[in-house]
Protein chains: 2
Amino acid sequence: MSRRSIDPARLLRRISTLGEIGRDAEGRLVRLAASDSEKLGRDQFVAWLEEAGLEVAVDHIGNIFGIWNGAGGEEKPIMIGSHIDTVINAGIYDGCYGVLAGLEVIQTLKDEGFEPSRPIVVAAFTNEEGVRYAPDMMGSLVYSGGLDVAAALKTLGTDGTLLGDELARIGYAGTHAPGFMTPHAYVELHIEQGPVLEREGLSVGAVENLQGISWQRVTIDGDANHAGTTPISMRRDAGYAAARVIAFLRDRAKSSNTPTVATVGCIAFEPNAINVIPSRATFTVDLRDPDEDRLKEEEAALAAFLELLSAEEKVGISAERLARFEPVKFDSAIVRLIEAAAGDRGLACRRMTSGAGHDAQMIARIAPSAMIFVPSRSGISHNPKEFTTDVDLIAGANILLDVVCGLATGELPE
Amino acid sequence: MSRRSIDPARLLRRISTLGEIGRDAEGRLVRLAASDSEKLGRDQFVAWLEEAGLEVAVDHIGNIFGIWNGAGGEEKPIMIGSHIDTVINAGIYDGCYGVLAGLEVIQTLKDEGFEPSRPIVVAAFTNEEGVRYAPDMMGSLVYSGGLDVAAALKTLGTDGTLLGDELARIGYAGTHAPGFMTPHAYVELHIEQGPVLEREGLSVGAVENLQGISWQRVTIDGDANHAGTTPISMRRDAGYAAARVIAFLRDRAKSSNTPTVATVGCIAFEPNAINVIPSRATFTVDLRDPDEDRLKEEEAALAAFLELLSAEEKVGISAERLARFEPVKFDSAIVRLIEAAAGDRGLACRRMTSGAGHDAQMIARIAPSAMIFVPSRSGISHNPKEFTTDVDLIAGANILLDVVCGLATGELPE
């Protein structure tokens with residue numbers, strides 16, 4: 001197995017440089033999709049692509065590609081991708097790490113005279129975070145044919161802008177049709193954004209699937225009555241009913257012995273007064289599971305509990321679907337390549353499920369895909385505290401290097 | 001027993017007239033303590049006192065008294081009282097009913113040539129609601145010596161005003177020292193503000209005690225992590241812990257077979273995002289019980305549960321006391337007078353506990369006191385939907401008439 005390595009200093013320097021682009025007056029990293037500050041990040045990335053001698057292509061939705069045609073110009077390319085837009089007050093690793101490691105892998109192979117059997121491409125997909133324009137993962141969704149590009153360009157932003165206008169304004173309304181290259185395989189390297197690798201003392205995650213997501217908003221209606229004068233037996237307490245749901249979801253997930261996770265992240269009571277029984281409780285439910293049947297089971301169990309609770313507590317309950325994504329199964333051959341690379345380098349690795357959404361789940365619609373995770377300290381992301389050690393960053397990039405080499409020499413998949 | 005009656009039409013007309021004074025541009029009834037609109041209500045009340053031939057006295061904290069000296073000018077008076085300030089968007093009965101029924105009782109007795117053994121006084125206490133100036137029940141608290149009048153007059157309002165300045169401005173900074181008359185007995189007639197009388201089909205409540213109140217704010221600190229990537233076993237979920245407390249309080253109160261009530265009326269999660277595990281949950285706890293030992297037991301049980309939960313869920317929990325009032329026991333002789341009056345008039349009556357705070361609890365510090373309740377439709381108060389039927393209003397006022405006659409002819413208490 002190859003003991004070649006990417007250039008650690010160059011990769012770390014680029015991560016750090018890109019992480020300083022788009023700081024606001026308070027020093028917060030904010031590169032929202034198609035904004036002025038994101039343009040600066042894009043310009044830097046394109047400059048690095050050109051410095052590495054790659055062909056730069058931009059498509060109608062603003063996805064940026066750095067293409068190394070190498071020897072096998074007619075073949076379908078190996079694509080490495082992620083995104084460089086950020087949330088508000090972001091960390092420096094989420095997305096950027098995968099894009100810059102992709103560039104690093106190509107530049108390393110190119111510089112050492114490696115001869116791939118097919119082109120290798122690094123991609124930075126537009127608007128993965130979805131903060132300014134919904135939905136998230138938009139660039140990869142459009143690229144894989146899941147959303148019409150004309151409709152996507154008409155997306156109205158939270159600031160009243162149209163995505164298409166903003167892309168044109170910053171000079172990234174490209175000329176290529178989304179999907180103009182169908183990948184032979186797609187690999188995405190990303191920080192875990194969860195605590196599993198760190199807590200288990202592992203360096204690498206071979207991501208074999210991605211959870212399905214079910215988001216709902218539940219509204220419970222009871223009676224606002226005086227907290228002092230209304231006997232417990234006469235209450236229709238929407239807040240208490242909400243508490244029962246929260247406890248039900250968590251206790252069920254905890255005792256299920258499955259990867260199911262359930263979270264109630266938002267809540268509001270009305271009238272929200274210390275001495276008034278809540279007449280209304282509104283809260284969100286985030287259910288995730290890598291298995292579609294099990295996700296459906298969890299949704300059904302919640303619905304059944306809500307019905308029971310409504311009768312028991314004499315409260316009105318309605319649930320509204322906010323979002324629903326089926327689980328994604330990644331390509332097992334690529335997952336095995338990742339495991340093999342980690343084994344060859346003596347890095348502790350486990351198969352795992354991605355709990356967050358990624359561009360890879362969109363590209364998986366059109367090409368064999370998988371992801372590599374590296375540890376996130378304390379599982380924190382979308383936050384300036386987001387952190388991965390240099391050692392882990394370099395190790396992850398070298399695993400990516402090995403996997404791309406394997407794919408580029410025709411090892412897998414066929 | 002007397003079959004005398006108050007003048008129903010006059011009482012109902014006055015309730016309705018006072019209920020139209022202090023409407024804002026949207027038609028909401030808003031007579032906050034010592035405001036311009038409350039001045040109009042006070043002026044109307046004083047005009048009725050003068051029309052009835054009563055001596056008007058105002059004390060330093062703005063409490064208004066209508067005094068009928070009658071025959072026994074040297075004796076300690078029987079005092080009937082409540083308040084005419086309101087919350088924002090109030091109903092027309094809370095407080096005003098008791099004050100106007102007090103005036104009605106005195107006017108009825110005076111007009112028919114009744115000869116009381118001691119003075120009879122109707123009182124409208126300042127700032128019972130506590131919306132503009134805290135604490136609530138301020139006028140009766142000051143009157144009973146529980147709060148220094150100079151300190152009370154310096155109270156800073158939510159609108160930046162000082163109560164003393166505002167009382168002077170509206171012409172109700174009176175000349176009498178609070179407490180200038182020590183009542184022989186005090187009776188307060190009030191709407192129940194709860195559902196018990198209505199649901200049990202009763203006309204009258206003989207209020208024998210008033211719940212102790214314990215208000216706390218509980219703060220739970222966990223970790224904000226990604227809802228998708230953090231396994232259930234690794235979570236420190238402040239929102240789940242809060243739900244456990246809400247369920248604990250309610251289930252304990254429900255199964256206790258005591259009058260204990262527990263309410264969580266306010267809640268907030270941080271960061272309050274659909275896909276983030278709450279790092280912090282803040283909520284209020286309102287515990288009430290007419291028995292001080294039991295109230296202490298409930299507080300201790302909550303504290304013990306919070307300690308257990310903190311260890312179980314690895315969350316930080318702190319509780320801050322917001323308010324604490326011991327239960328008040330009313331005078332049993334007056335309570336028996338109320339029951340007897342109801343029996344003589346063939347009105348269904350029960351002894352009950354007041355779940356809300358009232359001026360009577362303050363005056364109980366200096367004189368034998370009790371309260372009479374009439375039904376509140378659906379238990380609603382502090383709301384334009386507040387409603388009591390004319391029949392119940394008239395019946396309650398006639399019970400008050402009988403009780404005052406009893407007290408004024410020396411029946412009780414001694």
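Backbone N, Cα and C atoms are what each Cβ position is placed from, and that goes for glycine too.
Unlike curated records, TrEMBL annotations are generated automatically.
A:HIS190 (Zn(2+) 1 binding site) carries a strand DSSP state (E or B). The local packing around A:HIS190 (Zn(2+) 1 binding site), expressed as other Cβ atoms within 10 Å of its Cβ over all shown chains, amounts to 27. What TrEMBL records for A:HIS83, A:ASP94, A:HIS190 is Zn(2+) 1 binding site.
When other Cβ atoms within 10 Å of the Cβ of A:HIS382 (Zn(2+) 2 binding site) are tallied across all protein chains shown, the result is 22. The feature Zn(2+) 2 binding site is assigned by TrEMBL to A:ASP94, A:GLU129, A:HIS382.
The domain 'Peptidase M20 dimerisation' feature in TrEMBL is assigned to A:211-307.
Long-range neighbours of A:GLU129 (Zn(2+) 2 binding site) (same chain, six or more residues apart, CB within less than 8 Å of its CB): A:LEU32, A:ALA33, A:HIS83, A:ASP85, A:THR86, A:VAL87, A:GLY95, A:ASP136. The record gives A:HIS83, A:ASP94, A:HIS190 for Zn(2+) 1. Within 8 Å of the mean position of their Cβ atoms, the other Cβ atoms in that chain belong to A:SER82, A:TYR93, A:GLY95, A:CYS96, A:TYR97, A:GLY98, A:VAL99, A:GLU128, A:ILE191, A:HIS358, A:ASP359. Neighbours of the Zn(2+) 2 site: apart from A:ASP94, A:GLU129, A:HIS382, residues of the same chain with C-beta atoms within 8 angstroms of the site's C-beta centroid are A:THR86, A:VAL87, A:ALA90, A:GLY91, A:GLY95, A:GLU128, A:SER381.
A gap of 13 Å separates the Cα atoms of A:HIS190 (Zn(2+) 1 binding site) and A:HIS382 (Zn(2+) 2 binding site). Taking the Cβ of A:ASP94 (Zn(2+) 1 binding site) as reference, residues of its chain lying under 8 Å away and at least six apart in sequence are, in sequence order, A:THR86, A:VAL87, A:HIS190, A:ILE191, A:GLN193, A:SER381, A:HIS382, A:GLU386.
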